[in-house]
Every structure is written in C-alpha cells, then in structure tokens.
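A short worksheet on the structure shown next.
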Amino acid sequence: MRTRPTHTALATALALTIAATGCTTPGPAGVDDDTVTVGMLHSLSGTMAISEVTVRDAVQLAIDEINADGGVLGRQIEPVIEDGASDEATFAERAQKLLTSDNAATVFGTWTSASRKAVLPVFERNNGLLWYPVQYEGLEASDNIVYTGATTNQQIIPALDHLREQGHTSLYLVGSDYVFPRTANQIITAYAQAHDMDIVAEEYTPMGHTEYSTITNDIARHEPDAVFNTLNGDSNVSFFQQLRSAGVQADHTPVLSVSVAEEEIDGIGADNITGHLTAWNYYQSTETEPNSRFVQAFTDTYGPDRVTSDPMQSAYNSVHLWKAAVEEADSFDVDDVRAALDGITIDAPEGTISIDGPTQHLVKTSRVGQVNDDGLIDQIWSSPEPITPDPYLESYDWATDLHS
Amino acid sequence: MTHTHPTLTRWRGPITFITLLAAALLLLPLLLEPFRLNLLAQYLCYSIVALGIALAWGRGGMLTLGHGVYFGLGAYAMAMHLTLERAAHDPLNTTGLPQFMQVTGATELPLLWQPFTSATFAITTAVLAPAALATLLGWSVFRQRVKGAYFAILNQALAAAFVLLLIGQQHLTGGTNGLTDFPTFAGHDLYTPTAQTTLYTLTVLTLATLYLAFRHLTRSRYGKLLTAIRDAEDRVRYLGHDPTWPKTLAYALSATAAGIAGALFVPIMGIISPTLIGVIPSIMMVLAVAIGGRYSLAGAATGALLINAAQTTFAETFSGTWTYLQGALFVIVIALAPQGLAGLTTTLKNHLTPTPPETTTHPQPHKAHT
Amino acid sequence: MEALLTQLPTGLAIGSVLLLAALGLNFTFGQMGVINMAHGEFIMVGAYTAFVLHAWIGLDPATTLLLALPLAFAITGTLGWLLELGLIRHFYGRPLDTLLLTFGIGMILQQAARDLFGAPNVDVPTPTWLTGGITLFDTVRIHHSRLFILALALTAVAALAYYLHRSRPGRQMRAVIHNRDLAATTGINTRKIDATTFFIGSGLAGLAGVALTLIGPTGPTLGTNYIVDAFLVVVIGGLGQLRGTVIAAFALGLLNATVEAWADASLAKLIVFAAIIAFLQARPQGLFTVKTRSLT
Amino acid sequence: MSLLTITDLTVTFGDYTALDHINLTLTQGELRFLIGPNGAGKTTLIDTITGRTRPTHGHITYNNKPIHHLPEHRIARNGIGRTFQTSVVFEHLTVADNIDLATTHHLRPWQLLRAPRTLPDTVHHILDRVGLTPHTHHKAATLSHGQRQWLEIAMLLAARPQLLLLDEPVAGMNTDERTRTGQLLTEIATDHTIVVIEHDMDFLRRYARDITVLHEGRILTHGDLTTIQNHPEVQQVYLGHTPHQEHTP
C-alpha cells in the first residue's frame, strides 16, 4: 500500500502560499500631499528585457529630472517598478496590480504590441492611463493609452515616400512573422499599387529565426531597388551578416529597417549594416538642443558606452508630456488629464512634439537615417514638417481597403 | 498504516481534503481582496495542469515537455468564444468580426471560427481537442514504442511547432498578440467581484473533482498497470498487456486536464497568447510538478501553486536572482529530492512516527524508462 | 528544378549548422543515454569565447576565429567534464531526470551570461576572407562562411570517426555504447570513458558556438535557437550513430530549404515536424540503431 | 500432441547468426531443459518464441497457429509465458498487485478502471502455491532475490499459460531456494508445458529428464542426462572450452 501523501504538511504549504498571495493590504492612495505614485511596467527579465530595460532607464531619467526640478504639482514622483517578464499574462496581472493595489496615477511601459493589447482591457476597465513609447502598426486609438511612438503614417509611409523620391521602384519585403510586419507589409503593398511600385517578394520568418540563406540569396538574385525590413530582434543579426555574405551591397540595394535602432547595431556588427537605412523619428545624432542635453544626461547617468534610441526618447518624452498635461489640468485624475491632453506641446530631443487629442498620438517629424561606421545613424532625410498622426490611415485614398 | 489506527488513518485523508476544500471555498473569498483571489485562481489553473502531468509523468513515466500545447488548445477554444461574444455585443463593431481580423482585412468570419459562437461547442472543444490531439500523437508514438527521452523531445518539438502555427496563422489566431479583452461570458460581466468569486469557486471545484478522479484512477488496477508500465514496459507485454492504450489514455487524460485548465484560465486572466504556452512555459509546468512531487497528485498541485506564487512574489523584486533560483531548484529537487515536497513531508513524518518499513516504500528514483 | 538546385547549397548550409550543433549532443546521448539540455548553453559559451578573445583581449577577427576554435573546445569540454563529474555521473539510468537537471544548469548558465556580458547581442566580426561568396551557375551562391562551417563540420565528423574506429580509447568508447556491462567486465574503465565522452561531446558544442558567430547573433539565448532542431536530428539519426546524425542533419537541412522555397519559413518548420512524426512511424528508433539485448 | 513447433528457424543480427535453422517440437505436458555454452542461442530462442526477437527465416506455430508475426502481448495472451535471466518484477507494486496484474490481461479497459475492493481468490491461491503469502502486501522491492524469482513464476502462473519459458530460474539462489524451486517446477509441470534454460548441473541431475543442447545457434543433440553427458560432440563443446564447465553459469 502506498503511504497517503501527508495532507497536513501539504496543507501547511498551501496556507503559506495563500499568506504570500494575500499578505498585501490595499495599496496606498496614489496621490498624497508630498508624492504621486506612477507605475513603470517593462520586461526586466525574459527575451524582451534587452529592449525594455533601456526604456525603463529613460523613464527613470525623466522622473529623476522632474523630481530634482520640484516634481509635479509640488509632489515628488514615486515610481513603482513592475516586471512584465516578457509574458503577456504577467503584464496584464502587473497592470491590474499597479492600477488597483498601488493606485498609480499613470503608467509608463510595455513594448510589444502583444503586451500593449494584453494590458489594454485592464486600463480600460480601471480607467487608467498608459504611455506607450514604441512605433507600432497603428489601427488603434484607445482613450486609455497615449501613443508616443510613431504610427504607420509617421514612419512607414514617409519612408516609402523617401524611397520613391530616390527612384527605388521595386521592393523586396522581409519581416518576422507577427502583427507589425504583416500589417506594415499590407500598407506597403497598397502603397506600391497606388504608386506604380513593384513588390518583388514578401517573406516572413518565425521570430528568432537565424537561417537567412534562402532569403538573402533570393535578394541577390532578384536585385530589387531596395529591401524593406521589418525583422525583429535577433533575426536582424543573422539577416545582415548573411546578406553581406550574399554579396548584397548597401549602395546598390539598400535595406530600410524600421525596427533597427542604435541599440541593436552593436550586436549586428557595424560593418555588416553600414550604409543601410533606417526609418525613425529620432536618432542619437539628431541635432536639437534638447537632444544634446538628453544624450548628455543619459550618458552621465548610465555610462558613456550607452546609446539612446527612438523608443527610449519617446519614453523619456512620455514623462514630460504627462507632467505638462497634469499641470495643464491641475489634477492627477485620469479624466482631467485626458481632457487636457489635446495640444500639449513640448520641446523634445526629436524636436517639437504635441499631442493630437482625438487620437492621443503625437504630431511628430519623420526621419530616414543611414548607419555610419561608428554604429550610429546619420539623418539623411526628414519630413518637411511634423506629421499629424493618422492611425487608421483615413486620409489616404489608396488605404481605404485597409480599414473597414 | 492500517496496522495501527485503522479508523483514524482511514478518515484522516478525507477529513483533511474536505477541510481544505471548505476553507478554499468559504473562507478565502472572504479573506482575500478580488485581485488576490483572481491571482489564486490563476495559480490553481496551473495546479490542474500539474495534476495531469503528475498522472502522465509520475505514474506513467511519460515526460511531457509540451503540455503548454494542450493548455493552449483549451484556452484558445474558450478565448475564441469570448472574443466572438465581445464582437457581437460591441455597439461600435458593425461587422461582428473580432477586432484583430478587421486589421488583417477579413470581411467575414472564417469557417474555423463559426461554431465557436456557441459556448457549448467552445467548452466541448476545450475538453475534447486536447484529448484528441494527445490520443493521436500518443497512440502513434507509443504504438511504435517511442518513449523516454525521445518522447520528451517530440513533445518539446510539438510545443515549438504549435507556437509557430499560432503565430503564423495570424488571421485566425491573432498571432503573437494572442486573444485578449473578454468583458463578458453569456452576458455576465466577468469583472464584477461576484463573477471573480464564481470563477474562483469553479476552479477550486474542478481541481477537487479532477484530483479525486485521478486519485481513483491511480488506485485502480489501471493505475497499477500504469505504474508497472512505467517501471518495466517490456515486462508488461509478456504478461499479455498491450502498453499502448494505457499510456495513451494517461497521456490523453493529462492533456484533457491541461485543456480544462486553459479554458478556465482565459476568463480568469483575460488573455491567451503564444508566449504563455511555448517551450519554456511547458517546461515550467513540469518544474512545478518536480518540486511538488511527481509521484503525488496533491504534491504536484501544491507545487504548481507554490511555484507560481513564488514567481509573482520574487520575480518582481529580484528577477535575475529568480532565474538562478529556478535553475538551482531544478538541480536540487531532481538531484536530492526526486519525490519533491510530498516526498520530504513523508520523510519528515516517518522520522516522527516510525512505521513498518513495507508501508513506507515510496517509489525510489526509478530506473530507466528507455 | 532550378529552385531545387538553388536550394541545394542552402540545404547543405543549414544541414552543416545542424550537424555541428547535434554532433556533440548525439555523442553524449548515444554513449550514455544522457540528454544534455545544457548543450545549447555550451554552444553559447563557445560563441562568447570568441567574443572575449576579440573584444576583451583585442585580437583581430581572423586570429580570434582560429584561436577560439580550440579554446572553446577546451572550455566547453571542461564544463561538460565537470558537469559529468559533479552531477550526471550520479544519474545514469535516469535519462529523464538528467534531462531536467541539465535544463536547470542551462538556465543558470544563461543567466550567468546575461550578468557577465549583458542581455543585448554582442558583435563578433567575421574575418574579411569569410565575408564573400562564390557564385555557381549564375543563380546559386555559396557563402564563404557557410563553406567554412561545412568544412568544419565535416572535419569534426572525420576526426570523430577516426577517433572512434582507429584509436584505442575510441574503440573502448564504441564497446561501451554497444554493451556497457560487457565492456566493464573486459576491463574497460567505463567511468573514465564516460568522462572522456562528455568532454568531447561538450567540446563539440564549443566548436559549434564559435562557428555560429559567423552567421547569427551572439547573445545569451543563442543556444536555445538551435537546440530543439538539434534534438530532432538526434531523434531521427538514431542512438549514438555518427552516420545517422550526418544523414539526418543534411536531410533535415535539405527538407527545410526545399520547403522554404515554396512556403514560408514558419510553415517549413511545421511541415518538417509533421515529416518527423511520420518518419518515426516507419523507423521508431531512428535511422540506425545499435541492437542490444538488455531489458530495461 | 505437439504444442509448439519450430521449423527451420534462423535469426541473424547483422553478420552474426544467433539461431541457425532450428527445428524443435514441444509436446503437451513436457518439461524440457535447454543447455548450451554462452552465446549458444538459448535466450534468443526464448526471445523469438515470445516475440521479442523476430525470425529472419522460418516459422513457429503454437497450437497449430503461426505466432512468429504476433506482437509480444498477443503471444502472451495465447498462453505463452516467460521469465527473464535477471528477474523483473514491478518493485513499486505490492506482491499481490504484481500477481493481480498478470491475471487481468483479458479484462476490457473499463473493467480495469474500477478499483478492486478485495483481492481475487486466484491471487491468494497462487501466493500460497509459491509460498509468498506472508509478503502479500509488501512492495516487491523488499523481496529477496529468491523470492523475486518465485514472484515471477507466480505471475506467470497467474496468467494461466499453457507453455512456460523459464530463463535460468535458479541462478543466484542458495541450496534451499534451489530445492524449493525444483519442487515448485515439478509440481507445476504436472499441468503445464515447461522449457527451462539452466546451467546448474546439480539441478539438472535432480530434475531434468529431457535435455536439448544448443551450440552456436544449432541443436547439437537431445536426450536424457546420461545420453547428453556421453555424447562426444557435447563433451567436445564443453570440455574443449572449460574443463570444469559443470559449475560455470
């Protein structure tokens, strides 16, 4: 006969768990006379930690600056840092905690579309306010999110305009197999049809894929005018290394990437990507006075080896935009802050940006850059003026099929 | 144990069980705030998965490194229904299509999705789809006597392939974003405290029912046969038993438990996505069972509860250290306490109250299954 | 047909990477029935060996590559040897437990890499003489780095075959694979053989790691990218069979490349998985097996 | 009447021929001993009869039906049981459960799913017969070596086979245990057909009437002990290799 598992001992373990789960009492009120609690929700562990930790650093820098400057409405910002652990369920769970247990006045964070989609219902249900710092696939406008990165008409479409101006009429599309590249390529295809451009091929690879011989050989064979690259993360390293081995030269067939920023270049190897293009709204080399201060402050705080990138800068702006909106509303209440969002304008590292109230996206300038030998990106083109966000591409005739 | 205090021993198990169940059902909802109760319900979903893994691995010797797949099947079936319900009741949604499909340009509901408008169909699928897939895979590989490490690797490859499929079939599955935002079920708001308590209660009852069912199984002749197959599969054949169906059954039941857990997880958590069910989450499910005690159903369930609670508690404060700790836990538990917590508690008890040796023989670290 | 021809070098390229990654894995698996889940992390250690030589010691790319190969072999070999000595030795006959055990070790190694080198990918430059490629019949292009990896993989196979069939310890090793107990009774020190096997098997992971820096990202999760596929090669190739591993690696590589030519890479992986399940229906023990008479 | 007929049976492993054109007939109620030096093919023969090894050539009929293509469990269900050189019992099950398991192969899956309240009488009866009643509820892991061998035989009996194939049942046993095993064998032989592989000369002398000698995969000769011992080829095979073969296993 088997010994009965000792239920009593297991029950003790169970009780301990429950104690651990339940020990937290309802959190402190989010705002008191001296402090205001905000949430920081990034992946500090797991696969996305690489990217998201840099964004957290930027948010922290902005908070420190504001606190040193007297805080917001006379209150010091007290961040509660949570780890989304590169896992959507954890993101949702942590968001719930920030909003209900910590009563965070606002939350800065998330990176992937998946994590944003995961926390979105939590923010809508609890009427929270999330500041999302990354360029994304558009087709979204929640009252509970402020999108401080670019939407498609501020990154992809200007990049296509630029390629067209340069006389590139045949494009090869390569992307990781997930929402952003698929949506981006739908837009690119529609754009190409409307502008007499030729899509040579549209290839997708699984996330984290490292085997690009087939695709790079295919590119070498087809010799398109340009490659539009929406690959994500590690895959870029393999892609650019193998592209170089396939003999594809940047001056002959430039690759325009929308997910490669200063942070990633070191891992790819500057000599593998030199001369290729990127599309963002900000580069470390962007020449504005606020940017010199930002880069200076960032390297002073985190070390001279660190670089700044578009998502970091957007996250940094988020905190300053929130402060401006709170001061405009003279309240920390989410509804009051939301009402004050429209037209909030600051001088950011990327230039002057302002919030477009109806979409809660930013009006911002689009820039195409070229990777240089030092692993930084030089701006080679920028949109003549800041572009009004249009997440559903309603102002583009050729895009009518994309939004139903 | 029957030698000393037959009555006492006979009833100690049931009494503890009923006490725990009553405490879980009556006391905890009063003590815990809704957010915490919701967390607890999530962990208990993983306890249900753990029961299944303990049956397949602990009893049947089939190390399943791909249970995320079955959890995912259950979860996606449920999530598809909830997504459709939301689309149907959203006044701003004129097409009745899930939001992610509008993004990918669909104009009508794909065939695969149509039956999921029915809650009954969704729930049935959540239970039967994992069972069917596991039966198919199990039968085809067990019949060919693929076992041990080979089986474990195939499971892992299945998890990897399943995630690729979900991500690749973005127009059907929502891709990496998964499915999210489920405000109602059958017209009831899922986020009222009452709904949260109901979901929690349902989870506890499911866990209790499956525990009793699996416990009965392990004590039946079938359970003995399964243990025999685990320890010496070839020997069993010469007694006239075909090991294929007992193994397939255990594997399929184990998958079903995971599917049910997935279906419960979705309304509780409000999201399902590929990252929750891939290779690493699948291994973590096994880790929880190893820590709780693979040979003990109660131990495995407790292990899952503890590991997930610990994840929440520790991961946020020391994320790097937590990874080291998880790795170390694997090594320590497998190396020093292969019977997990349940084994430790038994050992502890035996030290306190000496019992005749033959009644305390727990499975030793058993021999090769290959 | 043209597509197939084009994909042939790609298939060989994928196959040689798989072969390198799976070679050591199969070696330890066949020898001792040990599934070493930390093998992927050993590959990662090999890759970081090259990084350290380049970035910390400051060697030029070519010297880095040539020096990193033997050094990585020695380092990961020693790691494997220590792992065998300290842990795995006590778990023979419990393959599933060693699988989980080594997974735990892998997690620890991965986090250690993250703490030591940081989470982002690092750059290990490719020597200039490996960056280009050769063009055959217009459309078929073979990268130098791929040729290098193919040559490295085949050299490793040849060296291993020579060692197993011509050297005394190698022959003892084969004897142990065929029948451990019998080998022990004929006076072979199986303990010592086990340790040597693990040293060589893990050392091969180091070689693979260095080679992979030529074509992919170098980061803490480098090993996990390859490990599932490498395991599949082992499953198909059969237990402890050098030729099985070679054939399986190139077969999988070619299959992947061919399917990729008409479907996308995601679908290719799925089809390959289905093909493996189907294959196991016909050959459940893999391509080649060693017949043994033991019961359990 | 013949129970088992082996015709022209050949088994090869690669280049190695384990069984070389074996012809053998067993009649109902026979107690046949199988001897031969290491590598003679004794265990391979049993393996082939029970489906563990597939014949390269030739066939095996049992009750006039061919069985060499059947899977192991089907052959077992037809009434052929076997033990192994190193005994394999289910250590984590009780002695009673080990035996019970052997009686249940004819049950349908759903019948197995019910938890039995009491042990069937047959189990008690068999336990009595092999003398393991005091250990009924002990884990098999706690048994001594000899007791394990008896448990294996008990499991065989529980499956109600017609033909029993025992691979070195007394190896490693002390004198008392051998005697008990011998008695048990003789007793079982009254209502079963039995094939025993055994090396132990003393044991053979006491219990063996019919002996078949295998050598290098072929049947060398057949007869009673005296005939065998005086057979020149047998002497050559045994004495030629080890003069004191009688006591080597």
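Glycine too: its Cβ is placed from the backbone N, Cα and C atoms.
Caution: TrEMBL annotation is automatic and unverified by curators.
Fair warning: this is a prediction, and the values are worked out from it, not measured in the lab.
The region 'Disordered' annotation in TrEMBL covers B:348-370. Annotation source TrEMBL lists transmembrane segment at B:12-32, B:38-58, B:65-84, B:119-142, B:149-167, B:197-214, B:249-272, B:284-310, B:322-342.
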Range from B:38-58, B:149-167, B:284-310 with most C-beta pairs under 8 A to the transmembrane segment (B:249-272): B:38-58
Best-contacting stretch, by C-beta pairs under 8 Å, relative to the transmembrane segment (B:38-58) and drawn from B:12-32, B:65-84, B:197-214, B:284-310: B:284-310
Segment proximity, the transmembrane segment (B:119-142) to the transmembrane segment (B:65-84), 3 or more C-beta pairs under 8 Å: yes
Best-contacting stretch, by C-beta pairs under 8 Å, relative to the transmembrane segment (B:119-142) and drawn from B:12-32, B:149-167, B:197-214: B:149-167
Beyond the flanks of the transmembrane segment (B:12-32) by 6 or more, those residues with Cβ under 8 Å of it: 40, 197, 200-201, 204-205, 208
